[in-house]
Amino acid sequence: MANATKLTPMMQQYQAVKDQYPDAFLMYRLGDFYELFNEDAIKGSQILELTLTSRNRNSKDPIPMCGVPHRAVQNYVDILVDRGYKVAICEQMEDPKLAKGMVKRSVTQLITPGTRTESGVENAKNNNYLTALVYDDQTKQYGFAYAELSTGELKTSQLGTVDTIINEALSLQTKEVVVDAKVSDALVQRFTKLGILVSHQDEIKSMAETSYLTEGLPSAVQKRSVAILLTYITETQKRDLAHLQRAVAYEPSAFLKMDHNSQYNLELTQNIRTKKKSGTLLWLLDNTKTAMGGRKLKRWLVRPLIDRQTITNRQNAVAELLNHYFERSQLTDALVKVYDLERLAGRVAFGSVNGRDLIQLKTSLDQIPQIKYCLGQLDQKILGPIDAHLEPVDDVSRLIEAAIVDEPPISVTEGGIIKDGYSHQLDQYRDAMQNGKQWLAELETRERKATGINNLKIGYNHVFGYYIEVTKVNLGKLPKDRYQRKQTLTNAERFSTPELKERESLILEAQEKSKSLEYELFVEVRDQVKKSIQRLQRLADAVSTLDVLQSFANVSEEYRLVRPELNDAHDLEIIDGRHPVVEKVMGRQSYVPNDVKMNSDTNVLLITGPNMSGKSTYMRQLALTVVMTQIGCFVPAKSAKMPIFDQIFTRIGAADDLISGESTFMVEMKESNQALQQATPNSLILFDELGRGTATYDGMALAQSIIEYVHNYIHAKTLFSTHYHELTALDQELAQLKNVHVGASEKNGELVFLHKVEPGAADKSYGIHVAKIAGLPAPLLQRADVILKDLEAHASPIESQPQATLAATPKPAPASKSGDADGQLALFAEPDRTPRTEPMSKNDQRILNELAQTDLMSLTPMDVMNRVYEWKRRLKK
Ligand SMILES: Nc1ncnc2c1ncn2[C@@H]1O[C@H](COP(=O)(O)OP(=O)(O)OP(=O)(O)O)[C@@H](O)[C@H]1O
């Protein structure tokens, strides 16, 4: 950086501002441009594709510079903020023409990824959450808070572990987290790795006017997290935040827990390939008519309920709306006309509403009576509570109706906003302007007569004001004395007369006064509306809930969804269930419905079947049905009995955690571990081909021991798909495990997928067939066939791999498959796989019995080693 003493006064001013915002791009207003200097200019010119120039080009230290026109600044700010940068807007605080010396400048707003509110139509159904995190080393607890600036939503929670924090942050899709100094560097780095901008704010500014926002919060860390968040918001926004709602404390455990990976794998709100909404459950369920309804649906989807009564309430409402087609369609007709009340209320608070926003607000409010009328036709026991929250706020509607014209301009300072008859003074100015116009028309007629020039006309422009225009050919006809030349064009000249000049100033004065009076009146109306922000927010809340429920009803009708029956008995029975998104994409005719039956006597379904047969689809189908049930929606099935799950764990697909730089297998093991550590008997676990990411034996051994562990110790409802056919023999050992398989058949050597899930294990894996479908070279496939036959003939080591289980109380060894008594032992013995023909000795029999009675889970690996060593020694005898 150049030496400060050599800087021009302007650059000194710049540098002083920049020093306050070292981590932001500083957009520095110079006349009609915002300029970036130095490092900002070099980096900014690359990102924004601007030409890099320099100031003091001829000096020894030219200063890199680039600029954007002030009218277009928003686009450039958006690009930078989208990329995760902060942008400080530095304005001229006085009119440069009137300023003595340096024009005063200061930063009016710091726009950051989490505080941005000006977002386009495509963001209407998304929230932009700013989050904050503080740590208390006494209680070892974190306070976590989040706010949505455009709607005023403010929530906080107390969290105990880093994993839950990361999960919350990812679920909210926050782009920025504000942390205090006690949050560890390691955690800061994790946020950064996840692409979340970390901002530091350690000091809390006392804010008398916002202190009510934190009233009644249950813990000190929660209060502090909200206070840090509010301080950061006030420091950066420098504007009125009257619409922020009182902070609400929430408990993540009050919702169905799904870690971020599961949300991602199940494609609830964004699809895995493009990260967009298309092809997701949200995409399927979103029939909301308002932007705020759309945002609420998204929130519900990532936070399904666990409270049976609330789920039932939602179901009742969906059923009632579903059964009343006529009222429902009247309701949706009204909802379509409701604009984004939440964000309109936010803009009212910020002072950034214009006339069009107010008309949108009024149009929205005008729908409330119709909405209430529709609800009045429905069962009040069910919809009464929503109806009660729909307060019309018609005083605001009446005010806007009286004050604002039906089609106001975008600008609030150029006039044309306020209705005639609203202000006597304004009407007078308007009369004067109107009279003036009348007078001008008369003048035109008079002058035409006096000069005999028929195409003489009176016009107006910003620079020269009112003029009389005469074409060049007619100039000779003009009287010399009265006409004073103002402007010369190619074909005409423009003049004024003393009479016209006098009138002009009267008209312009009336115009000027009328414009500024209109602005004053507009601000008065806006301030009046501001007093109703809380009522508007309550209304928005009720309308958006209703919108989501009608969306569920519409979707239920369209996709033939049924109301799931809830039970507390761990019974799960879905008849003819479907994966709603796959079904929608492939068409109703082609989708094969499937049952899922897991009553209290079944905890694990082991799913086998060829590649591509539909194993993952079947598992996802169940998870989506659970989510749909617990958000209160109906589900894709002929009938469904559902328990209420507390958590969902998934290990599906190969979602490599590229960011953390861990291998697929490592991620797989970590995710499995999460499930094993945290799942309860009320949880749902989906393991898709667990273990395939490592050597066959390791993979299979892990898969089996994980199944046994889940079966014996966790008792969570678990779906486990696998290509290890050997595992299917586990149903002999594990009472609550059932085999199912997805059918396929061979026709003339071609594989036909049936997509039907049937009881029992698959007889065959059709890997080579699938490879053929994928178009691998024929000689390669023939060779694979030969190798396979050879392996099968020699009973591959895997096939003869014996079954030993971790069962807490092992049942007698099964006679089926390879799991005979010898087999059991072989896992612990030398790899001697020759079948025994001699009858067993007493000694051997005793060892076997001991083995059968050994509870492996209660032993350390060392104990096991010792025992095996001992058995081997006795066997040798
Ligand atoms: N019930 C169904 N009805 C009709 N088509 C289905 C059904 N289930 C799955 N499919 C189709 O089969 C394709 C493959 O399904 P899926 O990915 O679930 O197979 P998979 O058995 O898990 O395969 P792999 O073992 O290779 O992972 C799906 O993309 C879908 O098009």
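From the backbone N, Cα and C atoms, a Cβ is placed for every residue, glycine too.
Keep in mind it's a predicted model, so treat the numbers as computed, not measured.
Residues annotated as ATP binding site in TrEMBL: G609, P610, N611, M612, S613, G614, K615, S616. Within 10 Å of the C-beta of G614 (ATP binding site) there are 26 other C-beta atoms, taking all protein chains into account. DSSP assigns G614 (ATP binding site) to coil in the three-state reduction, placing it in neither a helix nor a strand.
Annotation comment: TrEMBL describes 801-818 as compositional bias 'Low complexity'.
Taken from TrEMBL, the feature domain 'DNA mismatch repair proteins mutS family' covers 683-699. Note on the domain 'DNA mismatch repair proteins mutS family' (683-699): residues 615-616, 619-620, 622-623, 626, 645-654, 663-665, 668, 672, 675, 706, 710, 714, 716-724, 798, 801 of its chain, located 6 or more positions outside it, place their CB under 8 angstroms from a CB of the stretch.
Marked as region 'Disordered' by TrEMBL: 798-821.
Each of T617, S721, V742, A744, F753 belongs to the same chain as G609, P610, N611, M612, S613, G614, K615, S616, is absent from that list, and has a C-beta within 8 angstroms of the C-beta centroid marking the ATP site.
Remark: G609 (ATP binding site) has K615, S721, H741, V742, G743, A744, A762 as non-local neighbours, by Cβ distance under 8 Å and separation of at least 6 in sequence.
In the structure shown, the C-beta of S613 has more C-beta neighbours within 10 angstroms than that of any other entry among the binding-site residues N611, S613, S616. P610 (ATP binding site): 21 other CB atoms within 10 A of its CB, across all protein chains. The helix, strand and coil residue counts that DSSP assigns across the domain 'DNA mismatch repair proteins mutS family' (683-699) are 4 helix, 6 strand, 7 coil. Cβ packing within 10 Å was compared across the binding-site residues M612, K615, and the lowest neighbour count falls to M612.
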